[in-house]
Each structure stands twice: as structure tokens, then as C-alpha cells.
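Q: Let me begin by handing over the structure; questions about it come next.
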């Protein structure tokens with residue numbers, strides 16, 4: 001009799017720990033639960049739904065742009081947002097928004113995936129390009145700046161390009177596929193850099209509320225490994241090649257460290273995010289004041305936004321002008337600035353960092 005109970009227990013241990021009916025298909029990286037595919041789909045989607053509802057990310061009738069790169073995160077985000085919007089009657093008008101950085105053999109291929117997603121999910125697609133907005137592609141920028149600081153240019157330009165694309169679509173919100181791993185990495189990076197201003201807001205699920213278009217992160221507590229598993233089991237169409245210019249990116253060191261922590265203690269990712277949420281900046285700490293760029297009107301704490309400074313350096317043959325401590329043309333030597341004031345005025349009147357009005 002006891003032997004029969006033992007066999008039954010062993011058989012039961014091979015079943016999904018949630019439904020106790022089907023064989024488990026995976027062990028959740030987040031909780032280490034052994035569950036079947038159907039239960040995984042349910043808990044994965046329900047957790048994201050609860051994050052959306054619990055944080056009041058959207059209102060009925062809002063127009064929402066989904067930042068779509070063709071990668072796993074944005075593809076799963078587009079699929080899940082479409083499903084939840086239909087299932088729970090969010091009442092959202094959804095759009096796909098992509099940025100063409102101009103990287104041959106990478107972005108041109110991934111955009112083909114996004115175009116297929118447009119048809120698969122029935123979502124309108126808008127593509128904005130660095131070439132149209134800034135007059136430069138990333139391939140051209142890398143030829144000038146090299147591989148060391150190229151991610152600085154790309155990150156700054158992409159952020160503004162997304163905002164300008166969202167403004168073109170006249171959306172109320174922009175959602176991105178930043179997952180829990182990404183946010184934990186950002187917390188560590190801001191600590192290493194001593195960037196108090198960004199550290200105080202990098203864990204916020206909604207940012208830019210005081211700007212033209214707020215950004216939301218429905219995947220804030222969703223692990224990257226689970227996103228990959230969801231895409232794999234659902235057989236979603238996504239592009240998996242890494243950017244050819246990113247292997248030397250500074251973020252890569254934080255990413256490797258996060259992965260090591262996760263292997264030892266899966267809960268570490270969420271714990272880092274929670275720690276970031278609990279950081280309190282002293283009231284005596286001087287924070288940068290938010291304003292607008294005198295040149296293009298974009299959000300900036302300086303006279304010129306970072307994109308304008310970087311673009312100015314590229315156009316003048318000084319690509320390192322905005323790298324490191326050099327923050328803006330106006331912050332250079334006073335005598336040099338006075339001597340070139342007229343020339344600078346002519347430059348300001350020339351091509352701006354964006355051609356899409358807010």
C-alpha cells in the first residue's frame with residue numbers, strides 16, 4: 001500500500017504544479033515552478049495584465065504606440081498587448097513604431113520582421129529613420145567615431161526618434177519592451193556612473209509624464225528568459241541577431257553580472273529593481289532642472305539637448321564634441337565662443353536634430 005502511494009506521489013511530481021493535470025514543459029526562471037505550456041501562457045499574460053491594471057498605465061480610448069524593433073521583447077510586447085487589449089477591453093488604439101538607425105545587415109533585416117508583424121497583428125506601422133531626422137545613418141557615424149562611443153550616439157538619437165515618431169502618430173503613450181533584466185542593469189549602471197538623476201527615476205514604470213509623451217514599461221517585472229520562452233512556445237516571428245556595433249557596449253558588463261547573480265539566485269533581478277525603487281535622494285542634492293532645447297525644442301536640462309550637441313559635432317567634423325565631459329558648444333572656452341559666435345548662429349539656423357515637430 002505504501003509502495004502504491006509512493007508511485008502516485010512520484011507520478012504527481014511530474015505534473016504541472018499549477019493545474020496538476022498536464023506534464024510540465026518548463027521550469028519558470030522567475031519562480032522555479034515546473035508548469036505546463038498552457039499554465040505558463042496564463043500566468044505570463046496575467047502578470048503583465050496585473051502590472052498594467054495595478055499601475056493604471058492606460059485609459060480607455062488612448063492611442064498607444066508600441067516601440068517595435070523586431071526583436072524578442074518588442075515582438076512579444078506587441079503580441080501580448082494586442083491579446084490583452086482584446087481580452088480585457090482596454091479600448092486602446094495600438095500602433096507599431098520602429099526606428100531605422102541605418103545599420104546594414106542588422107536593422108534593415110529586422111525591419112522586415114516588423115513589417116510581417118504589422119500584417120500578423122493587424123497593427124499600423126510607422127518607421128522613422130536617422131537619415132531623415134538627423135542626416136546621418138549609424139553606418140556613417142561609426143565610420144567617423146569608430147566602435148568605442150557609437151552606442152552613445154545611437155541611444156541618444158533613438159530615444160528622440162521614438163518621441164518624434166510618437167508625436168507624428170499623435171499617440172497618448174509610448175510602450176517599450178524594457179524587461180526586468182534591462183531595468184536591473186540600468187540600476188547598476190547608474191550606481192557605477194554615480195548618476196543620481198537617472199537613478200531616481202530609472203525604476204519608474206512610467207517616465208516622461210512631464211514631457212510630450214509618457215513612456216510605459218509593461219514588462220517591468222518580466223524576466224528576459226520567460227519572454228524568450230513565451231516567444232519560442234508561441235512560435236512568434238522575431239529577429240534574434242544582436243546589433244553588430246554593440247559587443248563592446250558598457251552595458252554588456254552589467255548584463256553579464258546580472259546573469260551571474262540570476263544563476264545563483266533568480267530572485268536577485270527583482271530585488272535589484274525593488275532596491276532601486278526604495279532609493280531616496282537627499283533633499284539637499286541639487287538635481288538638474290528640466291527645460292527645453294533652444295535649438296530643436298526637445299526636453300533638455302542644458303541649453304542644447306544631447307542629440308543636438310552630438311549632431312553638431314558630427315556636422316562640424318568634431319565627432320567627440322558631445323562625448324565625455326563636453327556637454328554643449330556653449331560650455332566651451334569663452335574666448336573661443338565669442339570669436340565664433342556668428343558662425344555658431346549660422347549653424348543653429350541650419351539643420352536641426354529633428355524634422356518632426358512636436
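From the backbone N, Cα and C atoms, a Cβ is placed for every residue, glycine too.
Quick paste from TrEMBL:
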BINDING   67, 68, 69, 73, 99, 177, 182  ATP binding site
DOMAIN    64-248  domain 'tRNA(Ile)-lysidine/2-thiocytidine synthase N-terminal'
DOMAIN    291-321  domain 'Cytoplasmic tRNA 2-thiolation protein 1 C-terminal'
Q: Are there any residues in the same chain, six or more apart in sequence, whose C-beta is under 8 angstroms from the C-beta of residue 68 (ATP binding site), and if so which?
A: 74, 75, 78, 96, 97, 98, 114, 117, 125
Q: Please list, for the domain 'Cytoplasmic tRNA 2-thiolation protein 1 C-terminal' (291-321), how many residues fall into helix, strand and coil according to DSSP.
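A: Here the numbers are 10 helix, 4 strand, 17 coil.
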Q: Give the sequence-ordered list of residues that share a chain with residue 182 (ATP binding site), lie 6 or more positions from it, and have CB atoms under 8 Å from its CB.
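A: In sequence order, 224 meet the Cβ cut-off.
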Q: Can you name the residues of this chain that are 6 or more positions from residue 67 (ATP binding site) yet have a C-beta less than 8 Å from its C-beta?
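A: Spatial neighbours, sequence-distant, of residue 67 (ATP binding site): 74, 77, 97, 98, 99, 162, 174, 175, 176, 177.
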Q: Just report the maximum Cα pair distance in Å for the recorded ATP binders 67, 68, 69, 73, 99, 177, 182, no decimals.
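A: The two farthest binding residues have Cα atoms 19 Å apart.
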